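This report concerns only the one structure given below.
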C-alpha cells in the first residue's frame with residue numbers, strides 16, 4: 001500500500017485548521033483514507049477508524065509519515081453500538097474535542113432480490129445505513145453539549161437516486177443515508193451542527209475492484225462525461241469543503257460528486 005500523493009492532491013489551503021476530524025472505514029486506499037489525508041493537508045488532526053486492525057495501523061503509519069498533523073487510530077466495528085460510542089469517547093478523550101465526523105463505512109454486493117437472503121440484506125443495511133445512524137447519534141450527543149458546534153458528512157451514493165441491477169440492498173441503504181442526512185440536519189441545527197452528504201457515482205478503490213467485474217467497471221466509467229471513475233481524493237476534496245466553514249450555510253444537502261452525461 002502506498003499513500004504517496006500528487007502535489008495537486010495534497011496541496012491544502014487551511015480549510016480545517018485546528019479541527020479534529022474522525023473518519024470511519026479509513027483503512028486502505030479508498031475514500032476514507034483519502035479524506036483523512038485531505039483533512040491533514042487542510043490543517044486538521046485526524047482519528048481514523050476501521051475494523052481491519054492491521055490495515056488500519058498501516059494506514060495510520062503512512063498518514064503520520066506525511067508529517068502533516070497528528071494521526072490517531074481506533075479499531076471500530078461500526079455494526080457495534082458500544083464500539084461506535086467508544087470511538088467518539090476515545091476521540092474526545094485523546095484529542096480534547098471533536099469537530100467533524102465523516103461517516104464513510106459502507107458495504108455492497110451483487111445479488112438480485114429474488115436470490116437475496118435475509119442475512120445479506122440485513123448485513124448491507126447495517127453497515128451502510130444503521131452504522132451512520134449510530135455514529136451520528138453518538139456525535140450529536142457530544143455536539144449538543146459542546147460550545148463549538150460541529151459538522152457531520154455522510155458518504156451516500158448516486159444509487160440512492162438511481163436504479164441498478166442487483167443493487168437493491170445497497171441502493172436502499174444509500175437512499176436511507178440521504179433521508180437520515182436531511183432529517184437529522186433539521187434536528188442538529190439547534191446545536192449549531194451541520195449535516196450534509198456526498199453522493200459519488202463511481203470512485204476507484206480496492207473493494208470495488210474486487211467485487212465488480214472489469215466489464216461492469218468499464219461500463220460504469222463510460223457513463224461518466226470524463227469517461228473514467230473518480231479518484232478517491234476527488235471525492236475527499238468535496239468532503240473537505242463540506243467539513244469547512246466555507247460551507248457554513250449548507251445543511252441537509254446531498255452533493256453529487258459525479259460527471260454524468262445530461
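Here the Cβ of each residue, glycine as well, is placed from N, Cα and C on the backbone.
Per Swiss-Prot, NAD(+) binding site is recorded for 50, 77, 78, 104, 170, 174, 203, and the stated evidence type is similarity to another entry. What Swiss-Prot lists as active site, proton acceptor is 170, and the listing cites similarity to another entry.
By a simple count of nearby Cβ atoms, those within 10 Å, the most crowded of the binding-site residues 50, 77 is 50. The Cβ of 170 has fewer other Cβ atoms within 10 Å than any other of the binding-site residues 104, 170. Between the candidate binding-site residues, 78, 203, the densest Cβ environment within 10 Å is the one around 78. In this structure, residue 104 (NAD(+) binding site) belongs to neither helix nor strand by DSSP; it is coil. A helical conformation is recorded for residue 174 (NAD(+) binding site) in the three-state DSSP classification.
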